[in-house]
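*Asks:* First, the structure itself, so that you have it in front of you.
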Protein chains: 2
Amino acid sequence: MIKEKGILFVLSGPSGVGKGTVRKALFEQDTNLKYSISMTTRNKREGEQDGVDYFFRSHDEFKEMIEQNRLLEYAEYVGNYYGTPRQYVEEMIEAGHDVFLEIEVQGAMQVKQNFPEGVFVFLIPPSLEELKNRIQDRGTESEELITSRLQEARKEIEMMESYDYVVVNDDVDNAVKKVQAIVQGEHCKKDRVAKQFKALLEVEK
Amino acid sequence: MIKEKGILFVLSGPSGVGKGTVRKALFEQDTNLKYSISMTTRNKREGEQDGVDYFFRSHDEFKEMIEQNRLLEYAEYVGNYYGTPRQYVEEMIEAGHDVFLEIEVQGAMQVKQNFPEGVFVFLIPPSLEELKNRIQDRGTESEELITSRLQEARKEIEMMESYDYVVVNDDVDNAVKKVQAIVQGEHCKKDRVAKQFKALLEVEK
């Protein structure tokens, strides 16, 4: 049977929805997914390894990557660049691994433009009220910041139109199970399987 | 939150692939699916109940159902009609239940014409060779019949183009897990969730 290619899964969602928690819980269970390694211009910290924690690059190298369109997405944050190198993702997928990318909404939209064959999953809170509670529970944000976050979330929720799937994060275990189901279901999509099976038919003719 | 509607899932595939076994194993595990009840003109057997095992109808009643396009599919077999009434499926879906229909390929194609919003899953053997072995193992069929079954299977496999998903029945438990993943994944499809979530946004404005 012809080797099946991997799939790029992109998990995104509004700020505070729990993307990181879901991703962490997912990776504690599922070893078949490769987490996409980011590229950054920030300094390597003690214990960090190039090609494991990040790909560490100079500002000039990063800018060259941008110019050559070799990043699926990038952003500047506190004077440093962070981005997702296309090559790493493509190599993993060619080798049959699914790649998993957890990223904020603007980055996800860049990935969608540069890698439309990816599968885009939007994580949402069970309600905006719930999101508000979660942000309040952190206890570190002012009312003003919370209000602006909520406005942002409202916009981001309207952005769910750009995604393939929406997972309600009412419970981390539930959300993880749904993401796992999406991963497995995508591998059963007719277009993906048909290619392999037609090759088999050819062999037996 | 607005109540989510159910989904019609149609499991089909070539003769001998193990549709019935997969369906049985699925229903032993999953109680959230309603099995579609067929309508027939054949006589009720001892212990069978109308509306449970089948909807038992006269030939005239059945023909009227056909004329009024109230069947998602039907076929004649040994002088009797068998079919899937649209109303039962629609009522279950309205009530939020997923409906599951296991059916041969020609029936599935009729359902697709009459209910294109269904999700169509094609079950295939890991190879045609495997299908051949399975048919031979039954020990009840002549070489001639096996050859004709294989030709039919080849045609049917080419029909997988009309389906949404393809599940390889290499192992019943694997196949059941995949069908369950497809069911769960379909409920996370953006179009299905977006409707409910937009209603929430309206409420909080």
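Numbering starts at 1 and runs along the chain as it is shown here.
Glycine is no exception: its Cβ is also placed from the backbone N, Cα and C atoms.
Below, the features straight out of TrEMBL:
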- A:6-184: domain 'Guanylate kinase-like' (DOMAIN)
- A:Gly13, A:Pro14, A:Ser15, A:Gly16, A:Val17, A:Gly18, A:Lys19, A:Gly20: ATP binding site (BINDING)
*Asks:* Where does A:Gly16 (ATP binding site) sit in DSSP terms: helix, strand, or coil?
*Replies:* coil
*Asks:* Would you list, in sequence order, the residues of this chain other than A:Gly13, A:Pro14, A:Ser15, A:Gly16, A:Val17, A:Gly18, A:Lys19, A:Gly20 that have their CB within 8 A of the centroid of the site's CB atoms, where the site is the one recorded for ATP?
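*Replies:* Going along the sequence, the neighbours appear as A:Leu123, A:Pro125, A:Asn169.
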*Asks:* Among the binding-site residues listed here (A:Gly13, A:Pro14, A:Gly16, A:Gly18), identify the one with the smallest other-Cβ count within 10 Å.
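*Replies:* Selected from the binding-site residues A:Gly13, A:Pro14, A:Gly16, A:Gly18 on minimum Cβ neighbours within 10 Å: A:Gly18.
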